[in-house]
Amino acid sequence: MAVQWILICHGLLTMLVTISFLCGQWPIFQGTPIERLHYFLTFGAYDYFLRFVGTVFGNKGTSVIECIEQFCCDRPNPILQIIYLAILGGTYYFVAKSSFSYIPGYYLSDVHIYTSVLAVGVGVLLFLLTSFSDPGTVKAENVSDFLSAYPYDNIIYKEKECSTCKIPKPARSKHCSICDRCVARFDHHCGWMNNCIGERNTRYFLAFLLWHFFLCVYGTIGLGLVLAGRLKELRVVYILTAYYGVEKSFLGLAPHIAQVDTSYGISAIVSLLLVGFFGYHAHLRLTNTTTNETFKWQDYTSLQKKMNEARTSAAAPKASMSGLSRETKPPESKSKAFWLFSNVYEVIFPLSTRPSFVQKAEVQMRCL
Ligand SMILES: [Zn+2]
Ligand SMILES: [Zn+2]
């Protein structure tokens, strides 16, 4: 019975870690151990590690770790790109070495040897496209394209100049401190891609996330069918049951089941992370916004709230309030009806690359 309990505990632990990591910050988990575990997994563990290094090696040790962190997180570098290629290549090598000799098998035809190569190849291609394509770098020679494509809303985006690049800062752009450049329709800087995600490569980034989710699902189902095929071909279940009886035979298989369970647990976590991240980004694109803008609107609405509270407590007349104190909300989501299509189309064919906007920009430049 002990083995069964270990399996149950293993499954519950995997589920707890997955839920805590992915959903621990949800309001429903506020004040629960799941929220604390989420904090530990995302921030706490690193803090404890820093404290541990500080206690053992002193301030010098902490400084070394912070320098490594700065090099890895605050400067462009290919470390995470190499790690991604190593994980993908290593996993594919391990899968090919351990399973390809069983293909064709009872459930899988030999076509899967070629489709698996194709699936991984497309994944790498999308990774390279996202990593090395231009995210929409704003330069003096193309700034007019972006200015005409994205008008200022005068709420979170006002007409101003980038203090570093010394060129006008188009609405929806941001200066990336890691890459040291302004990027149009900036979403975030992705360490895994060693590149910004902006107007012109969001399409590749979304395709990368979705494709890798399907790759995980394909790999998991494929490996499951290889295993099931072998069990069927060797009549393992029948032989074990006939010779040892149901209970003893399955107890003998338990450690292997635990191994398979662990692999599936890891695969499930990676798949959930990918699909969750894709879902989040797909929602942003459908509502025609970016990660950067989500934070900007959060800051703006929190400022508005504070100003309204101050206004209420001071009982100041409405007329004296500035434009910022008005009850302004983020623009209505464009995710309704036909706007959905328009928002998706904008991701696939960025505004600043369309001939209509380029011509408009040229006319504006001539008028200046
Ligand atoms: Zn800039
Ligand atoms: Zn960047």
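Using N, Cα and C of the backbone, Cβ positions are placed for all residues, glycine too.
Annotated features in TrEMBL:
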type	residues	note
TRANSMEM	7-29	transmembrane segment
TRANSMEM	78-95	transmembrane segment
TRANSMEM	107-129	transmembrane segment
DOMAIN	157-298	domain 'Palmitoyltransferase DHHC'
TRANSMEM	204-229	transmembrane segment
TRANSMEM	264-282	transmembrane segment
REGION	312-331	region 'Disordered'
Which stretch from 7-29, 78-95, 107-129 shares the most C-beta pairs under 8 Å with the transmembrane segment (264-282)?
7-29
Secondary structure tally of the domain 'Palmitoyltransferase DHHC' (157-298) (DSSP, helix then strand then coil):
91 helix, 14 strand, 37 coil
PLDDT averaged over every residue in the domain 'Palmitoyltransferase DHHC' (157-298):
84
